[in-house]
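Contents: one structure, followed by commentary.
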């Protein structure tokens, strides 16, 4: 196709608006954020004080609470990504299998994803603080009596549970699409050649699912680092600072503490971390994608 | 349709879909004067409607538009869309808005502001807002339970301890502790220690100047004693108790007392309309004369500097503070605990009645947390949560909040 003026005009007309929106709502705020992070500003008044890289230096040298939230976010992201994907894959296999419950389970597994994250947080706060302990009292099962949200050591498990409950369904849909696109012929010829079910899974299903896995891993990693609304409604960073995720920390610093410059610096660091992690991840999984 | 038309239509629809909605309604150009009034608290919506309707009836050339969303306030101020009337919590929070609030020191109603409410709205010696309502915090207690069992209101710390023992002996849990909410612990830090510091203003100034620390202060130790008492005689797992859980526990009679403010009435009353309750001041010393309730104004109305019609807003506020119709609506509709001398409380909040009683007898302390840096209260509260969970000792908590203070005041 000749790349003449008409081609570029059509190209511009179709891609232009989206590119504009992308620039206005994604790139521009990032650029402005970098700008804000170089100032000491409270977000409201007109007086801004230029401090250069002071905010970043403070982040890396003085802030114990920031490191605590970094560690919590990484710990949460690690477990959340692995468990969400394992669960989603398991559900997808269940739902595309031959069990009678498949159709109902597909709906059941996806339903939690439809609830907005803030509502899910409030719902689970009630369940974990009041419903489950009451159940424990009635049935006498002592493990139900422990309140996960009451202790700093166990609160992160509650956050993990809610995120698994919500996230597994969405990724399951992607895995279902991936599973259904695999040609049944491969399984048949492998079965004829004498491959068992587990072998078939690891040698045929998994390699052919790599594109779906790339997408799901990308989604879950970015989502885990960005987790905010569920964090806010379930624990609000508590008890103490045990479950203060990085995104929540940015919000609180910039808006509750009226330290827009410092909060913007934290946001920039979060951005760099997410870009780095997802870059590494997509590079790794893309290499393993198999074209049949 | 040709490819070009499709492209243009797609472009238009994309752009319109991605536009965000504006936060403040724009001013109509054809009315004589229109002012915008930010009123985002749901419990005051109806009363606010009545208030502005009454004003508009008396002043037909003025239209007041209620803006019910205050989340975009900061953005709008920055963008230059300054509303005529908006509210803040006064003190330090208000300080951040300095560029946008008008000096109201010359207005006629300034002299009638009660002493307890005056400091909330004063910035650098100038009155910059109209204080709206007073609120008090202390130990909320179940009056019926107390009367049935013959328990007395304690005025010293040891009386409080023996009261807790009495309540426990009667088979009832004395306290429900809302320690899941960090801000409450920040307020307890004040009610159970900071407010009792002799010459508190001087101490606050020294803190800001870096000449004093929390770790060295003797009254701050008392907060830990209070927390220990509340944990010993309280419902278990207090870190899982938030607002709803604590109000539910108190209203259903699961506990006899809780450290709360008079604002929980709106949550507690619907659960049990028959509940008779009151607040008493939290005693932390052995001297009954020291025991005062912490009462302060926590909301004030400001006139936006740089808004299109500030004079109309000033007229409106003058009317609100002087006209009888307005007073009626404020006292019975909004049900405020009054900030002006000579006004009486006319609402049905039994807890606010206790607040008024302490105000009238002059036994009040300020809240003080509003003079701390923004959200210091919440962040300090998080350190106290670590004490509650056993992860930090008293010294560790105090040195953590000292460090927090230095960091937050360094700018």
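Every residue gets a Cβ built from N, Cα and C, even glycine.
Remember, TrEMBL labels are computer predictions, not curated facts.
Annotation comment: TrEMBL describes A:12-39 (among others) as transmembrane segment.
What TrEMBL lists as domain 'ABC transmembrane type-1' is A:70-281.
Marked as transmembrane segment by TrEMBL: A:76-96 (among others).
As annotated by TrEMBL, transmembrane segment applies to A:108-127 (among others). Residues 91, 95, 149, 158, 161-162, 165-170, 172-173, 229-235 of the same chain, all 6+ positions outside the transmembrane segment (A:108-127), place their C-beta atoms under 8 angstroms from a C-beta of that stretch.
Within its own chain, the transmembrane segment (A:155-180) has Cβ neighbours under 8 Å at 72, 75-76, 79-80, 83-85, 87-89, 91-93, 95-96, 106, 109-113, 115, 117, 120-121, 124, 128, 148-149, 205, 208-209, 211-213, 215-216, 219-220, 223-224, 227, 230-231, 234-235, 238-239, 242-243, 245, counting only residues six or more beyond its boundaries. Sequence annotations record features per position, and here TrEMBL assigns transmembrane segment to A:155-180 (among others).
Sequence annotations record features per position, and here TrEMBL assigns transmembrane segment to A:201-225 (among others).
Residues annotated as transmembrane segment in TrEMBL: A:265-284 (among others). Note on the transmembrane segment (A:265-284): residues 30, 33-34, 37, 55-56, 58-59, 66, 214, 217-218, 221-222, 225-226, 246-247, 249-250, 253-254 of its chain, located 6 or more positions outside it, place their CB under 8 angstroms from a CB of the stretch.
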